2 protein chains.
Amino acid sequence: MTVTDRPPDETLASLGELGVLARIFPRLPSSREQLLGPGDDAAVLRAPDGRYVVTTDMMVHGPDFRLAWSTPYELGWKAAATNLADVAAMGATPTALVVAIAAPLTTTVEALEQVADGLREACEALAPGCGVVGGDLSVSETLTFAVTAFGDLGGRDPVTRSGARPGDVVAVAGELGSAALGLSLLFTRAVDGSGIPNADLAAGLRASHPELLIAQLAPVPPIPAGVDAALGGATAMLDVSDGLSLDAARIARASGVSIALDGAALGPRIEPALTGGEDHALLATFPAKSPLPTAFRPIGRVVAGAGITVDGEPFEPRGWDPYTDWNGGAG
Amino acid sequence: MTVTDRPPDETLASLGELGVLARIFPRLPSSREQLLGPGDDAAVLRAPDGRYVVTTDMMVHGPDFRLAWSTPYELGWKAAATNLADVAAMGATPTALVVAIAAPLTTTVEALEQVADGLREACEALAPGCGVVGGDLSVSETLTFAVTAFGDLGGRDPVTRSGARPGDVVAVAGELGSAALGLSLLFTRAVDGSGIPNADLAAGLRASHPELLIAQLAPVPPIPAGVDAALGGATAMLDVSDGLSLDAARIARASGVSIALDGAALGPRIEPALTGGEDHALLATFPAKSPLPTAFRPIGRVVAGAGITVDGEPFEPRGWDPYTDWNGGAG
């Protein structure tokens, strides 16, 4: 978090785009692969193995976060972490981000600096060497983050969703269910009588349930486990962002197989693990004879067929869906 | 534009993210450099010369466009064209885009299909071989496009803003001032009595002033001229997006020189050329002895000093600024 002695009322409107960017740039992490950084029409990056991995994702005030619950620092952290997880899920090392932010004119410069701090510290903690090489700052009535992340495959094939084969072990690296439990706590206990998100109530939950709140608000995906999985022979992999059952079903469909999950391996929180979103764990399949990379634990088997089962029973995949589950509130 | 016989009321809410994406993907152009496209956690692209150019830009309903004036097709076209221009301004060939769209739940699938058509036709017309390799579809109360574009330098150095040297010729490829005149027409003659953008009035202007309206709503930047400039020895270059005076001043500042513009060379629309935004022309400097690439025409000289002059008189750079010039209206 940032401590400053400047007036607290400097905003995007009062300082203008260039003034704000001058404040933000020095706080951003630099990329090991950057040849030309922010300040020109475009950045130039090295692609060490002649290819690069690209993913893009938006975070929108309302469906994706509420300002009463998330700090600006956490928004920057989460915007980086979720995109880094998509790069890792290809078996790649994250190298760089570009970050576009559209913000209301009343947004304080201090809040944007804290977003930059969150971006930087997430890169430093989760993917050292990955930095922000460019971006865009726009005006909008709806605070919106659009991050595009890049990665390097180090000469390896990308690990797609379609390579799982019957007999493979299904394994996961990272938390399952905590992010959804954190969100559920916030929705039930950090809203006022009218259902509006409330910052004071959220602060109380942070004290009583720090682990679940952090999993939701500033997740720590196991980024290096993506490369470990590729090196360990993973046949398929993805980032668990919409709930294990939905995401396992995606591997099953893309690979033309069935995934048989072992309920006991999913821990005591089996329902949120299967149907809760935003875990940003890595789900991968490995040949049965390969030793699992240390970050991974087995949770099932790939078998012939289609769809997914839990303890042998068919399970209808479901998870968080902003198209049906968002109530339109922002807060 | 798209003609369909399906019910006109299919929306993002009724069809859901995956349903909408299934409709959109087949309409998107494919990239020559794509190794793995949409449908996994990330795309994989070839980087033929071991580097890649990256730029990102947002277009936000309200400050950047109004739905009463722009068709969805034009929004897709402009989102592609403006980002392609940033890639071209580095002297690179555009290779790929990723496109994130955040849209209200009431957005029709047909509108999103037309956005895809605009993206495709802009790529095909302006940068053949460039395609959409990935994206994201989110829910937002504010329709927002975030495009990240990639390019290949073909073994050349990038053309930055900082290489202009006294004695160089200042030249431009593309239109100057038309986009601003088009916007000015819309703001003065396509709004109702309360200043709200009006579609019928805009339709009338399209008929009476097609060139100016197209320059604003679906610009045609001279994308191949970027590579031509690099091959022709350009010492500095940028995309004229905020008005010639502001953008020329950026080259002057980055290069530590002054830019002396010749008013007569700016044509009859000298005021909008100097201070109007969104031209997406390419402004470049060339050694005096180099023949100019065919798309470029000379408009001035690089001289020692700072800032810019027009016919020898100092000119205070100014242009469009959404932080001060946007009135908060959407329409």
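Yeah, the Cβs are placed from backbone N, Cα and C, and that goes for glycine too.
As written in TrEMBL, here are the features:
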{"type": "BINDING", "residues": "A:Asp41, A:Asp86, A:Asp239", "note": "Mg(2+) 3 binding site"}
{"type": "BINDING", "residues": "A:Thr56, A:Asp57, A:Asp136", "note": "Mg(2+) 1 binding site"}
{"type": "BINDING", "residues": "A:Asp64, A:Glu278, A:Trp320", "note": "substrate binding site"}
{"type": "BINDING", "residues": "A:Gly135, A:Asp136, A:Arg161, A:Ser241", "note": "ATP binding site"}
{"type": "DOMAIN", "residues": "A:39-151", "note": "domain 'PurM-like N-terminal'"}
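With respect to A:Glu278 (substrate binding site), the closest of these binding-site residues in Cα terms is A:Asp86, chosen from A:Thr56, A:Asp86, A:Gly135, A:Asp136. Chain B has no C-beta under 8 angstroms from the C-beta of any of the binding-site residues A:Ser241, A:Glu278, A:Trp320. For the binding-site residues A:Asp86, A:Asp136, A:Glu278, counting C-beta atoms within 10 A of each C-beta gives the highest total at A:Asp86.
A Cα-Cα distance of 9 Å separates A:Thr56 (Mg(2+) 1 binding site) from A:Asp86 (Mg(2+) 3 binding site). Among the binding-site residues listed (A:Gly135, A:Asp136, A:Arg161), A:Arg161 has its Cα nearest to the Cα of A:Asp86 (Mg(2+) 3 binding site). When each of the binding-site residues A:Thr56, A:Ser241 is scored by how many other Cβ atoms sit within 10 Å of its Cβ, A:Ser241 comes out lowest. Applying an 8 A CB threshold to same-chain residues 6+ apart, the list for A:Asp239 (Mg(2+) 3 binding site) reads A:Thr82, A:Ala85, A:Asp86, A:Ala88, A:Ala89, A:Pro221, A:Asp247, A:His280, A:Ala281, A:Leu282, A:Leu283. Per Cα geometry, A:Gly135 is the residue among the binding-site residues A:Asp57, A:Gly135, A:Ser241, A:Trp320 nearest to A:Asp41 (Mg(2+) 3 binding site). Note on proximity: of the binding-site residues A:Asp57, A:Asp64, A:Trp320, the one nearest A:Gly135 (ATP binding site) is A:Asp57, by Cα distance. In terms of local Cβ density within 10 Å, A:Asp41 ranks first among the binding-site residues A:Asp41, A:Asp57, A:Asp64. Mapped onto DSSP classes, the domain 'PurM-like N-terminal' (A:39-151) shows 35 helix, 46 strand, 32 coil. The DSSP secondary structure for A:Asp239 (Mg(2+) 3 binding site) is strand. Rounded to a whole value, the Cα-Cα separation of A:Arg161 (ATP binding site) and A:Asp64 (substrate binding site) is 25 Å. The CA atom of A:Asp64 (substrate binding site) is located 11 Å away from the CA atom of A:Asp57 (Mg(2+) 1 binding site).
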